[in-house]
Amino acid sequence: MRAALAPGVRLLRALPRESRYRGLTLVLTFLSYTSYHLSRKPISIVKSQLHPNCSALGPNPHNDSNSTTWCSWAPFDGDNYKELFGALDNAFLVAYAIGMFISGIFGERLPLRYYLSGGMVLSGLFTALFGLGYFWDIHVLWYFIVVQVCNGLVQTTGWPAVVACVGNWFGKGKRGLIMGIWNSHTSVGNILGSLIAGAWVSSAWGLSFVVPGIIITTVGIICFFFLVEYPEDVDCSPPVHHVMTTSEKDPEAITSNEGPLSLSGQSSVDHSNSPKEPAEEPEAISFLGALRIPGVVEFSLCLLFAKLVSYTFLYWLPLYIVNVAHFGAKEAGDLSTLFDVGGILGGIFAGLISDYTGGRATTCCVMLVVAAPMLFLYNHVGQNGIGTSIAMLIICGALVNGPYALITTAVSADLGTHESLKGNAKALSTVTAIIDGTGSVGAALGPLLAGLISPTGWNNVFYMLIAADVLACLLLARVVVKEARGWCGPMARQRGY
């Protein structure tokens, strides 16, 4: 007797065809970028093990002259270990920032599926190579620096590709909320990376890198077999990226009796009855052309300072907790995940509010303004008990990562499908790469400055982060004013002004 069809399969069959492919795209891109961040997180957890407090472990079993750093991993056993950690962070982040500007250009011209899956396999290789330094007993700084540089370059394949894929499938309507939820992959990856790295950090820290390397490689192979880049590839309709009104835009884009045109310039009738012609595919936008899109420069510079704050926490928060709250390496890593829990909530909240108000810049600005005093409070009272520390980490994570998540997802997709492009969706990867590449400059500066400033005291590090938040807010002032005028116009017309 044949069994009834599985409930899950019945549910999938009940969903519209387009919904199934959209869901598949969301899941695969979510897993992809989760694994990217999962592979970046171990370095922040392992730092405290590369230079631990050896005196707390008991007497030196080797009986050599260096009794204070006998348990440290050379070359990080010297007094300059913080500067060397900063160099490791910078090797990755500078390479990432430089590579990101180039990555978007390649992403527009190469198949996204090949580009993404290939980058993930290479990222897995270089992540594992860092951990293999433990098993191969490597103590040469340049080995770890070179591996970090190579990993930073290949990891730039991820963000432009996944944002472009999601942007190809989802229109502007609920983009903020959908991408706010979807963008939780960043925090989920950081949390999983912390937990996985923490599992082996005290016993064999090399596995803290090798296991994430295997995971990202596996997910990359899955994406190669299942990712669908464009709705048209599976005979689905492309989404509407912006609303066309009769009083604006190109009159040729608003046809009368044939119905609204899709973004490719074809009506639904024409789309179904005629094959795609190569001549109709728009050309990829140039770098300078992407910079001319209104809002790209402002949001890029804002993200520079917002990402500076976020990545300083990403790379230095566990060490800060160890030094200030005096937790062990594993406990500090576990506690630091609460910052990413707050980041998930902040990204969803920012997307929801910006969808409702239509004010992406205003939402970012308000959260950045509130984040500055919260960072000050966390530094001064955040370690006064475990309950206070948990609450402050979640609040700070939400306020710091909320604007960062909104800009890198919904804002990037909005600008990559801006109405000035007249339906040319070939700008998504380039615009995303420009915004995130500029932000990655801040991501490189933050950990570097933290490494240089932290010897003078953690208070100074937090003052630097607060100043960066304020600057990020100020850079959005012009866009915020423009959004406010847009709100005031309809209100004035309603009142008869």
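Using N, Cα and C of the backbone, Cβ positions are placed for all residues, glycine too.
Here is what TrEMBL says about this protein:
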type	residues	note
TRANSMEM	21-38	transmembrane segment
DOMAIN	25-485	domain 'Major facilitator superfamily (MFS) profile'
TRANSMEM	84-107	transmembrane segment
TRANSMEM	114-136	transmembrane segment
TRANSMEM	142-170	transmembrane segment
TRANSMEM	182-201	transmembrane segment
TRANSMEM	207-228	transmembrane segment
REGION	246-279	region 'Disordered'
COMPBIAS	254-272	compositional bias 'Polar residues'
TRANSMEM	296-317	transmembrane segment
TRANSMEM	361-378	transmembrane segment
TRANSMEM	390-415	transmembrane segment
TRANSMEM	427-449	transmembrane segment
TRANSMEM	461-481	transmembrane segment
Positions on the same chain near the transmembrane segment (182-201), where near means CB under 8 A and six or more residues out: 26, 29-42, 44-46, 48-49, 166, 207-209, 211-212, 215, 314, 318, 329-330, 333-334, 336-337, 340-341, 343-344, 347-348, 351, 397, 401, 405, 408-409
So, does the transmembrane segment (427-449) come close enough to the transmembrane segment (142-170) to give 3+ Cβ pairs below 8 Å, pairs being at least 6 apart in sequence? yes
Pairs of Cβ atoms less than 8 Å apart decide it: which stretch in 21-38, 361-378, 390-415, 427-449 has the most with the transmembrane segment (207-228)? 21-38
Roughly where does the domain 'Major facilitator superfamily (MFS) profile' (25-485) sit in mean pLDDT, to the nearest integer? 81
